[in-house]
Amino acid sequence: MATQAAPASGVRNGAGPEWGGFEENIQGGGSAVIDMENMDDTSGSSFEDMGELHQRLREEEVDADAAAAEEEDGEFLGMKGFKGQLSRQVADQMWQAGKRQASKAFSLYANIDILRPYFDVEPAQVRSRLLESMIPIKMVNFPQKVAGELYGPLMLVFTLVAILLHGMKTSDTIIREGTLMGTAIGTCFGYWLGVSSFIYFLAYLCNAQITMLQMLALLGYGLFGHCIVLFITYNIHLHALFYLFWLLLGGLSTLRMVAVLVSRTVGPTQRLLLCGTLAALHMLFLLYLHFAYHKVVEGILDTLEGPNIPPMQRVPRDIPAVLPAAKLPVAVVNATAKAIAVTLQSH
């Protein structure tokens with residue numbers, strides 16, 4: 001048995017060359033036992049790897065959705081921000097335009113330097129121009145000088161308003177559609193501005209050398225005669241006295257204006273049209289102011305009918321010529337005072 005085993009082992013040990021390499025590979029392959037201590041503890045199982053991969057994919061999807069949402073929000077906010085910025089720019093432009101217009105209007109109407117040349121006049125000059133407005137000029141061969149200021153004419157218009165108010169109150173005038181002050185201001189300023197504009201238009205048609213400012217000054221100083229006539233005749237009511245002052249004082253101021261326009265107009269037809277229109281309007285306006293806002297004060301009849309007659313039964317009438325001329329002003333003033341007292345007591 002030993003002899004049989006020996007060859008067998010010898011055969012195994014002494015195998016042919018074809019088996020030598022295989023045996024060496026088997027012997028050199030090492031042990032089949034796995035050393036668990038040499039394994040890496042950080043390496044996970046396949047299930048753990050799949051979980052991590054799934055979690056990573058979910059995080060990437062969430063990040064992609066968040067990025068898409070942020071992009072959409074950015075686009076929406078960008079459009080909204082653009083519209084808001086555009087509206088703010090439009091509002092800012094409108095505000096700036098309105099501010100510029102308001103500043104221009106304020107600078108135009110509130111700057112006193114613009115109006116200073118029209119009211120920069122000495123009282124002595126105004127007094128001399130008032131006297132000159134009642135003196136007609138004789139030389140009409142060359143254009144006469146016209147004052148280019150508005151202080152004197154404006155003060156004369158306000159004086160006429162005050163005199164007209166006095167005449168309305170003493171004549172017991174009733175204005176149903178407005179106050180006495182509004183009616184007086186509208187009448188005086190309406191005549192001054194309206195007639196000046198109309199005469200300036202006619203002067204332009206007739207080729208007269210006069211400006212609107214000069215026309216306002218000329219007509220304004222022409223109201224000086226009206227103020228004197230109305231102030232006297234509102235306190236002393238005599239038709240003869242009124243017509244005398246109307247022709248004398250009103251005629252002198254009208255002739256002064258006519259002479260100035262004649263000196264600045266070329267052609268007889270143009271002169272007749274322009275000067276005739278101005279003279280007619282100026283003289284008729286004085287008649288209107290006298291007869292439209294004035295009647296005899298009812299208290300004057302106290303000297304004729306007695307103070308016991310009710311005011312509603314009185315009839316306006318002229319003062320008879322029986323009163324002496326020297327006592328007439330005193331009698332009229334006394335009667336006017338009595339009339340005012342009776343009227344106040346009756347109301």
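Quick reminder: no glycine exception, Cβ is built from N, Cα and C everywhere.
The N-linked glycosylation site annotation in Swiss-Prot covers Asn334 and is backed by sequence analysis.
Here Swiss-Prot flags Ala2 as N-acetylalanine.
Marked as region 'Disordered' by Swiss-Prot: 1-28.
Annotation source Swiss-Prot lists topological domain 'Cytoplasmic' at 2-145 (among others).
Summarising the annotation, Swiss-Prot assigns topological domain 'Lumenal' to 167-184 (among others) and lists a curator's inference as the type of evidence.
Counting residues 6+ beyond its ends, the topological domain 'Cytoplasmic' (206-211) has Cβ neighbours under 8 Å at 143, 146, 148, 200, 218, 261, 264-267, 270-271, 273-274 in the same chain. Under the heading topological domain 'Cytoplasmic', Swiss-Prot lists 206-211 (among others), citing a curator's inference as support.
Non-local neighbours of the topological domain 'Cytoplasmic' (261-271) in the same chain are 137, 139-144, 203, 206-210, 218, 278; each lies 6+ residues outside the stretch with a CB under 8 Å from one of its CB atoms. Positions annotated as topological domain 'Cytoplasmic' by Swiss-Prot: 261-271 (among others).
According to Swiss-Prot, the feature topological domain 'Lumenal' maps to 293-347 (among others), an assignment based on similarity to another entry.
Positions annotated as transmembrane segment by Swiss-Prot: 146-166 (among others).
According to Swiss-Prot, the transmembrane segment annotation covers 185-205 (among others), on the basis of sequence analysis.
The transmembrane segment annotation in Swiss-Prot covers 212-234 (among others).
Long-range neighbours of the transmembrane segment (238-260) within the same chain, counting only residues 6 or more positions beyond its ends whose Cβ lies under 8 Å from a Cβ of the stretch, are 132-138, 140, 144, 146, 218-219, 221-226, 228-229, 232, 275, 278-279, 282-283, 286-287, 290, 318-319. Here Swiss-Prot flags 238-260 (among others) as transmembrane segment, drawing on sequence analysis.
What Swiss-Prot records for 272-292 (among others) is transmembrane segment, and it gives sequence analysis as the kind of evidence.
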Residues in the topological domain 'Cytoplasmic' (261-271) grouped by DSSP into helix, strand and remaining coil: 7 helix, 0 strand, 4 coil
Intrachain neighbours beyond the transmembrane segment (146-166), with Cβ under 8 angstroms and 6 or more residues off its ends: 117-121, 126, 129-130, 180-181, 184-185, 187-189, 192, 210-211, 213-214, 216-221, 223-224, 226-227, 230-231, 234, 260, 289, 293
Same-chain residue ranges lying at least 6 outside the transmembrane segment (272-292) that approach it to Cβ under 8 Å: 164, 167, 187, 191, 195, 198-199, 202-203, 206, 208, 219, 222, 225-226, 229-230, 233, 242, 246, 250-251, 253-254, 257-258, 261-262, 265
